[in-house]
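First the structure, in the form of structure tokens, and then the observations on it.
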């Protein structure tokens with residue numbers, strides 16, 4: 001009787017195991033291309049990240065996935081098609097926190113120039 005009770009207890013009570021974050025994964029992708037992200041569950045000790053790949057001063061690539069917290073503050077260099085690309089990482093600790101769309105190249109500059117263009121067109125400058 002005791003073995004049956006123990007068996008029923010083990011079967012009926014769910015085992016709670018620590019779960020990792022759910023993040024989006026995109027392989028290295030060109031900024032002018034799109035990625036169909038795949039949902040992935042990170043190991044418990046990892047965070048979600050979005051990486052910005054730069055060639056010189058220009059953002060040219062991005063990627064998303066999971067990485068160890070200790071690696072979030074490190075930049076990495078990778079040779080891609082003969083070009084030395086420097087990746088910097090932005091990590092976050094919530095489910096799907098790396099799902100925000102990437103900024104379009106030059107988007108911030110465009111936002112800064114729009115008010116000046118509007119004033120110029122209105123003859124205020």
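Don't overthink the numbers, they just go from 1 along the chain as shown.
Glycine is no exception: its Cβ is also placed from the backbone N, Cα and C atoms.
As written in Swiss-Prot, here are the features:
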type: DOMAIN; residues: 23-98; note: domain 'UPAR/Ly6'
type: CARBOHYD; residues: 32; note: N-linked glycosylation site
type: CARBOHYD; residues: 84; note: N-linked glycosylation site
type: LIPID; residues: 98; note: GPI-anchor amidated asparagine
type: SIGNAL; residues: 1-18; note: signal peptide
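Annotated features taken from Swiss-Prot, shown on the structure.
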residue : record                         : Cβ within 10 Å
32      : N-linked glycosylation site    : 8
84      : N-linked glycosylation site    : 11
98      : GPI-anchor amidated asparagine : 23
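Per DSSP, the domain 'UPAR/Ly6' (23-98) is made up of 3 helix, 48 strand, 25 coil. Taking only the Cα positions, the spacing between residue 84 (N-linked glycosylation site) and residue 32 (N-linked glycosylation site) is 19 angstrom. This prediction places the mean pLDDT of the domain 'UPAR/Ly6' (23-98) at 96.
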